[in-house]
Amino acid sequence: MKITVIGSGSWGTAIAGQAAAHVDEVCVWSFGGEAVEGINGQHRNNIYLTDYVLPDNVWATASYEEAIGGADGIILAVPSAFLRSVLEGAAPFIKPETPVLTLTKGIEDGTGYLMSELVADCIGAPERIGVLAGPNHAEEVCRGCLSAAVIAAEDPAVAEFFKTVLLSDHFRIYVGSDLIGVEMCSAVKNVIAIVCGYLAGMGYGDNTLALVMTRGIAEISRLVHARGGSPITCMGLAGMGDLVVTCTSHHSRNRTFGESLAHGGTLEEYQKRTHMVVEGAAAAKSVAQLARNIGVDAPITFALEKVLWQGVSKETVFNELIDRFPTEEFYGMDD
Ligand SMILES: NC(=O)c1ccc[n+]([C@@H]2O[C@H](COP(=O)([O-])OP(=O)(O)OC[C@H]3O[C@@H](n4cnc5c(N)ncnc54)[C@H](O)[C@@H]3O)[C@@H](O)[C@H]2O)c1
Ligand SMILES: O=P(O)(O)OC[C@H](O)CO
């Protein structure tokens with residue numbers, strides 16, 4: 001069996017290693033060929049997770065045709081900002097019956113699409129598309145630290161197929177069917193994590209972070225509900241689980257970017273220094289737009305949007321947020 005992983009960043013690299021234990025070969029498509037020489041020559045990605053030695057049956061290419069030809073399943077691990085352009089190149093080689101799993105966390109700017117909807121828009125046949133999410137930092141998964149994720153798909157056979165490809169004694173895979181819930185949780189938790197990082201960087205304590213995470217999950221639940229998903233999903237791995245790890249872990253790019261913001265850093269400087277994507281920054285804009293379109297109150301997201309995309313001062317915005325008059329704890333989730 002051949003599995004193709006599109007994307008050679010941290011998560012694509014770690015997932016390629018997980019899949020390699022179960023299949024004959026794993027091919028990694030690498031943007032610009034940046035990781036090809038390292039993976040094929042030394043079994044290491046020279047840019048991301050550089051200490052991680054990949055199994056021998058993992059190889060890399062910059063050619064969509066080579067990567068996708070003969071693939072029994074395709075895993076997408078590309079940042080949300082590039083997913084559409086990458087799929088435009090890959091689409092001609094993807095057969096309509098090949099199962100596809102997306103690991104990307106975000107909402108498309110402009111369309112408000114979930115990543116599975118974006119993928120379906122590019123390659124069609126939505127019933128063979130699944131999503132994987134959960135509290136999974138690549139740095140820990142590749143070291144075999146006990147972790148878990150959920151795979152949601154419309155067709156249970158798609159979820160079961162990818163479960164078989166990825167399940168191990170240290171990477172537990174649950175399955176589900178609420179793609180909307182899983183994907184909304186995955187996109188918005190990154191926004192909440194930047195705000196937590198900012199407040200931690202400003203010297204606020206653990207009570208404050210618990211407050212923001214809790215009001216954050218309430219905000220996520222309203223969005224999930226309004227978008228047609230199940231708010232119960234917010235209690236699961238993609239919701240509560242990923243929110244906690246992203247808001248608290250030193251591995252989290254979103255949390256550490258928020259801390260750097262508190263110390264005067266900028267998004268450009270952070271991404272240039274780390275070469276890594278901060279999905280919550282883009283999501284602050286795309287989720288805020290979506291929330292307005294579907295009539296959901298999303299104060300934490302609106303606050304971060306003002307700071308990152310509307311040039312309003314951090315102090316003004318966060319003072320406004322903290323000054324909001326507390327109302328009913330659970331509003332906006334009734335039918
Ligand atoms: N890193 C993790 O631990 C982790 C875990 C779960 C989910 N995710 C999600 O996986 C997705 C990929 O993140 P990552 O952490 O692997 O990325 P990363 O930050 O480690 O790497 C950035 C990636 O973007 C690629 N890239 C840069 N410019 C590009 C362009 N113009 N076109 C196409 N690709 C380009 C780079 O080649 C690289 O593969 C994100 O949506 C992220 O939220 C990441
Ligand atoms: O490092 P972060 O903040 O982008 O989070 C990565 C993953 O989404 C954690 O599950």
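Keep in mind that glycine also has a Cβ here, set from the backbone N, Cα and C atoms.
Residues annotated as domain 'Glycerol-3-phosphate dehydrogenase NAD-dependent N-terminal' in TrEMBL: 2-158. TrEMBL lists S10, W11, Y48, K105, A138, R253, V277, E279 with the feature NADPH binding site. Annotated sn-glycerol 3-phosphate binding site per TrEMBL: K105, G134, K189, D242, S252, R253, N254, in sequence order. According to TrEMBL, the feature domain 'Glycerol-3-phosphate dehydrogenase NAD-dependent C-terminal' maps to 178-317. The active site, proton acceptor feature in TrEMBL is assigned to K189.
Projection of TrEMBL feature records onto the structure.
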residue : record                               : Cβ neighbours (10 Å)
W11     : NADPH binding site                   : 26
K105    : NADPH binding site                   : 27
G134    : sn-glycerol 3-phosphate binding site : 24
K189    : sn-glycerol 3-phosphate binding site : 33
D242    : sn-glycerol 3-phosphate binding site : 26
S252    : sn-glycerol 3-phosphate binding site : 24
R253    : NADPH binding site                   : 24
N254    : sn-glycerol 3-phosphate binding site : 25
V277    : NADPH binding site                   : 23
E279    : NADPH binding site                   : 26
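Across the domain 'Glycerol-3-phosphate dehydrogenase NAD-dependent C-terminal' (178-317), DSSP helix (H, G, I), strand (E, B) and coil residues number 111 helix, 0 strand, 29 coil. Taking the Cα of K189 (sn-glycerol 3-phosphate binding site) as the reference point, the closest of the binding-site residues Y48, A138, E279 is E279. Residues R253, taken from the binding-site residues A138, K189, R253, are distinguished by a CB atom under 6 angstroms from ligand 2. Summarising the environment of S10 (NADPH binding site), the number of other Cβ atoms within 10 Å of its Cβ, over all protein chains shown, is 24.
Nearest in space to D242 (sn-glycerol 3-phosphate binding site), taking C-alpha to C-alpha distance over the binding-site residues S10, W11, K105, V277, is K105.
Summarising model confidence by region, the domain 'Glycerol-3-phosphate dehydrogenase NAD-dependent N-terminal' (2-158) averages a pLDDT of 98. Under 6 Å, Cβ to nearest atom of ligand 1: this is the test, and of the binding-site residues W11, G134, S252, R253, N254 it is passed by W11.
Here G134 (sn-glycerol 3-phosphate binding site) is positioned 15 angstrom away from R253 (NADPH binding site), judged by their C-alpha atoms. Nearest to G134 (sn-glycerol 3-phosphate binding site) in space, judged by Cα atoms and limited to the binding-site residues S10, Y48, K105, V277, E279, is K105. Every protein chain considered, the tally of other Cβ atoms within 10 Å of the Cβ of Y48 (NADPH binding site) stands at 22. Here the Cβ of A138 (NADPH binding site) has 21 other Cβ atoms within 10 Å, regardless of which shown protein chain they belong to. Spatial neighbours are here defined as Cα atoms within 10 angstroms of one another, and by that definition the neighbours of N254 (sn-glycerol 3-phosphate binding site) among the binding-site residues Y48, A138, V277, E279 are V277, E279.
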